[in-house]
Amino acid sequence: MMELEKNGNILLRRYEIGKLLGQGTFAKVYHGRNIVTSQSVAIKVIDKDKIFKVGLMDQIKREISVMKLVRHPNIVQLYEVMATKSKIYFVLEYVKGGELFNKVAKGRLKEDAARKYFQQLVSAVDFCHSRGVYHRDLKPENLLVDENGNLKITDFGLSALAESRRQDGLLHTTCGTPAYVAPEVISRKGYDGVKVDTWSCGVILFVLMAGYLPFQDSNLMEMYRKIGKAEFKCPAWFSSDVRKLVSRILDPNPRSRMPITKIMETYWFKKGLDSKLILKNVETNEPVTALADVNVVFSSMGSSSSKKTEEKQDAGKLTNLNAFDIISLSEGFDLSGLFEETDKKKEARFTSSQSASAIISKLEDVASCSKLTVKKKEGGVLKMEGASEGRKGVLAIDAEIFEVTPSFHLVEIKKNNGDTLEYQHLWKEDMKPALKDIVWAWQGERQDQQPEDHGQP
């Protein structure tokens, strides 16, 4: 329960709590009102013990610190962070105008309207880049419009707390978000956050002007191929200036892709530009209450359980992946597989809607039943070994858990040592059938996947 005053809806003598706006695995979001200024806010209430237990504390601390650097009129603002023994409270700017792309769903925007939103988007992204902050996941859900018609970017700095909009997370995310991701992210060659954000801005501009995506196909691999080659056509109603700009931004080569600074220098971008937009690209001196010492916010404040879980969090911390990382890990979706040889027989991947602790517990049970010993368990990785040496030494198997969302995980299991045939037999006969209770879907089996045969050839 939230720590409220006696009248039942005043939080820490500062905010009146209103209706529930939404909720996720770790957080509930309420409409709130500052009782001194009467300003409407959004209050995200985080369960402290839950985030300690899954090892998200360090990441959240970093991201709160980031929020101090990105105070801009076109970015949803974090006003304040407060904490009690059991809860953490994020007081955020309340944006009630809805998503920008709800407007696009009603029909494409006129050039002047699209330009205004694009100017605000690019201005905010450039501001963040100047402070070493990169979004890397600009997409429709992250673009809101306030009651004055101004663009507001969400999840700059608080992405770890963003809830999946649908419970199955990955399934819908892979169908929606990849259309906005840069070719270099898909190809797993490493990428520059600045250039990735620039590409996404280009896709967003196209959608605002066209009313549809530049890269779309019912086959995900075909869509990735189009993205990799920047294979798209501008509709007839695009002006020549817009065509040139979009083509230079959606350059599949990040080295020659038009940088944001150059975008802002183009005649098309500067047309009708509000000079205040650029002038406001100066960090404000307005204080951010309670952010001076992030660690104070996350102190146990007398909660022994929180302290104990914090001490243990490094051992249980999972690698946090966004949808693109997951897609890249999946052989069926990985474009690098078109150019590089991979040995599918030595590893397997599946997604699960179970908690990390439940997955680990199941893996330990499977290891025991398969006569494997768990030698090491840290950072979301379980290292398992056989009891005796085979033809090529002791069989060693690693299982690593990656977090997609707090309630959705990817598990990768691969042979680390020993005989491949021995591993394949053990996997097919014992391990894979035993894991079926926690599997949402097997990854990378589109071409050779068959009904479960429990080891029959």
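Each Cβ is built from the backbone N, Cα and C atoms, and glycine gets one as well.
Record features, source Swiss-Prot:
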- LEU21, GLY22, GLN23, GLY24, THR25, PHE26, ALA27, LYS28, VAL29, LYS44: ATP binding site (BINDING)
- 15-269: domain 'Protein kinase' (DOMAIN)
- 313-340: domain 'NAF' (DOMAIN)
- 155-184: region 'Activation loop' (REGION)
- 345-374: region 'PPI' (REGION)
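VAL29 (ATP binding site) is surrounded by 19 other CB atoms, counting those within 10 A of its CB over all protein chains shown. Counting other C-beta atoms within 10 Å of each candidate's C-beta, the binding-site residues LEU21, ALA27 are led by ALA27. Cβ neighbour count for GLN23 (ATP binding site): 13 (other Cβ atoms within 10 Å of its Cβ, all protein chains included).
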